Amino acid sequence: VFNRGYGGYNSRWCAREDVLDGAFAADARREGRTFLATVMLGTNDATRMRDATAERTNRVRVELEEYAKNMRTIIARAVETSEIVVAMTPPAVDERRRVEAQRERWGEDWVGGPFEDHRPDVEAYGKALVDVVREFQERRHRVYALDLYAETRAAMERGAVLFEDGVHFGEDGQRFVTEKLFQVLDSLDADPSVPDFPYGHEIRNPERAAMSAEEVFDDHEARRPKEALEP
């Protein structure tokens, strides 16, 4: 498991060739492709500053059109190295908790100050990502969307507390995302334990006596997650 977060990054910086090389580099310790790659970007891209001067110098904001372009680049690299790619939309933001947490950390001056941020159109970034995922699916890539915006918004409406500061997941939020991710994988009938080749008992199975060894190998390969087809 390679869990890599780029704190404060947006899709523009993550789509850099050198960053992609680091995130999706081949692992010399094992052969073959990564079974599952997950990507979640968009919360920082959607950031706006409430202070007009700070907004003019807002370097983290990425507009929707560029965000979609960057996500195409990032997902395309993930597809090259992974059997399955799950792209997660940016989650909903708990604005009330955001203000409370920042006041606790920085004091009352944070509200209305040059560092007060908000994300009024984060949902649109999620919709843009879903559209990008659909493009890959139309080319028969195994890329799937997890709509964390809808999932987290619904959970918060039920009273769930998912974020430490309104933006970053707390322990319960991390558990929530994991559960939703496994629901996606379960719906795909994706089995990471299927080995590269059949076990010996599969080849020797008396119930498969009518099949040649070659047919057993072919049948096993047909049940494995397929490498993505070239566009």
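Note: Cβ is positioned from N, Cα and C throughout, glycine not excepted.
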Exercise for the section: Can you dig out which of the ranges 164-197, 198-231 TrEMBL describes as region 'Disordered'? Expected result: 198-231
Practice task
Please average pLDDT over the domain 'SGNH hydrolase-type esterase' (3-175) for the predicted structure.
Solution key: 93
